[in-house]
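Annotated in Swiss-Prot:
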type	residues	note
SIGNAL	1-25	signal peptide
ACT_SITE	Asp235	active site
ACT_SITE	Asp360	active site
Amino acid sequence: MEKSATRQKALLIALPLLFSPLASAVQQAVLDTRGAPLITVNGLTFKDLNRDGKLNPYEDWRLPAAERAADLVSRMTLAEKAGVMMHGSAPTAGSVTGAGTQYDLNAAKTMIADRYVNSFITRLSGDNPAQMAEENNKLQQLAEATRLGIPLTISTDPRSSFQSLVGVSVSVGKFSKWPETLGLAAIGDEELVRRFADIVRQEYRAVGITEALSPQADLATEPRWPRIDGTFGEDPDLTKKMVRGYVTGMQNGKNGLNAQSVISIVKHWVGYGAAKDGWDSHNVYGKYAQFRQNNLQWHIDPFTGAFEAHAAGIMPTYSILRNASWHGKPIEQVGAGFNRFLLTDLLRGQYGFDGVILSDWLITNDCKGDCLTGVKPGEKPVPRGMPWGVEKLTPAERFVKAVNAGVDQFGGVTDSALLVQAVQDGKLTEARLDTSVNRILKQKFQTGLFERPYVNATQANDIVGRADWQQLADDTQARSLVLLQNNNLLPLRKGSRVWLHGIAANAAQEVGFIVVNTPEQADVALIRTHTPYEQPHKNFFFGSRHHEGSLAFRNDNPDYQAIVRASAKVPTLVTVYMERPAILTNVVDKTRAVVANFGVSDSVLLNRLMSGAAYTAKLPFELPSSMSAVRNQQPDLPYDSAKPLFPFGYGLPH
């Protein structure tokens, strides 16, 4: 009843005015409300969000976003301003990360009504888009009931590909399923990336998401780094082009935000990919990005694609840039979220960025005890804090340092009491908070949230994962395959007898193969595997989830054993999911064909292997020849390992 009443109210407002004399001068905005009263001024209708019976400038949809934001800030208390600078994790019952299918509305109400938080990341499942949309509507209803009626910005990590990892990405559910961004980079088509992001934008808006914590503009210069599969590879020029296309599609154009945009938060400024020894800076043991030379410019260049597309947000890296300097001047040894040079002097000053700087999650929290050492055997690790370089400061001092560095909003935090206290104690000025709050609220106005915070949940299932979009996603999966080796094996013939490892038998049968039980019975063996990895840090929350360490196939690797077994009996094709650059030296000497993939379904893969069409995708990073070469390359430089087995840009046509 409530949903249909909301829609009915919006229609009653909009339709009569289309035929009024006022329509020729000012067209009535469509307004959605589930609680805020409406007022009429000069024949036009507005929301009375603060319920004072008057039309205030921030409620006037005719005014520019900047003017509305300034008026709203002038009406806010210090606590309300501090709340805007928090970006929480939308709570679900029984999950510390916010995973699940329904929000904990009581916990959410505390955050929204009592702590004044109005930005949240959602980690809800996408298996039921209509339910997800209505859950987000419920959060917006809580926000509409607050004193000023400020709507929520709901964000998400990527949820459109094969990867799913807490703190990185979300399971795809019913959303269209594409290759990882590495696959888009392998294709190298900026317009395709724009189209991909435009589709994702429409899916996000359909379920009430208006902010994407993506893309990664990080350069994959350290082959062991666990976050490579979220990047566009290791080439600055290619990554710049891909990032520009992504932001353009996500924000619905190159000219800044509009009412159909999804805010793009480009990350992680800057140098994150130069991870020392490949360890990730979500973890204390990986808090350094290693710069052996002054190579920071390599890592900055991809972000210029974001600036050209007027990206609305930037997220700083957790990492400390060890040994990095800028024009001979050393860079302060603190994480980028605390680094005034990186955020204010370089990002805002030199590169002119004027959007929102959103910190990565939990940078003001402590990292003590098992956060430093890992939990004891049998204990379950939980996420703590990432205050790298400022561990000795108090949480209150970290807030002050981050704000003074240039941070506008704090990821993963909902308690703003320390920020309020810092202003009351004279450590920060309220005017400085006003600057950040203005930036954040302006984007809410630009994206149309004050007029239309709700979505039509009944339409979400028809929009999310649309058949024509998934067909394009499947075509993109196929295009992204990189042919590394083919000794007269491809294309495969329909009706061939195949022995499978890592591929579903029904998928092979559906495309016309005959599945057999042993390699000896087969005409060809088809093996799916992934880049090898180790997990030496299972006693750390993120370390227990990251794929770290060696990139080489060891003799005890079950997939490698399948390769050895099959290739001794029958021509063998191996496809490797390249979440990191795999070392294939002891694979290519056994196989007849090798295909790199970056996320592909069995059916798309098998159909492509039977096609005689030329392969056009190219490697977005080099594939090293050995772990010795990996250890000896410089983590801050692209494509610099000795004698790579396959260089950057490699790919056979046939």
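We count from 1, first residue shown onward.
Positions of Cβ are set from backbone N, Cα and C atoms, glycine also.
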> Sequence gap of 6 or more, C-beta under 8 Å: which same-chain residues meet both conditions with respect to Asp235 (active site)?
Replying inline: Leu219, Pro620, Phe621, Pro638, Tyr639, Phe648, Gly649
> For Asp360 (active site), what residues in its own chain, 6 or more apart in sequence, show a Cβ-Cβ distance under 8 Å?
Replying inline: Lys267, His268, Met315, Pro316, Thr317, Tyr318, Gly337, Met386, Gly411
> By the DSSP assignment reduced to helix, strand and coil, which category contains Asp235 (active site)?
Replying inline: coil
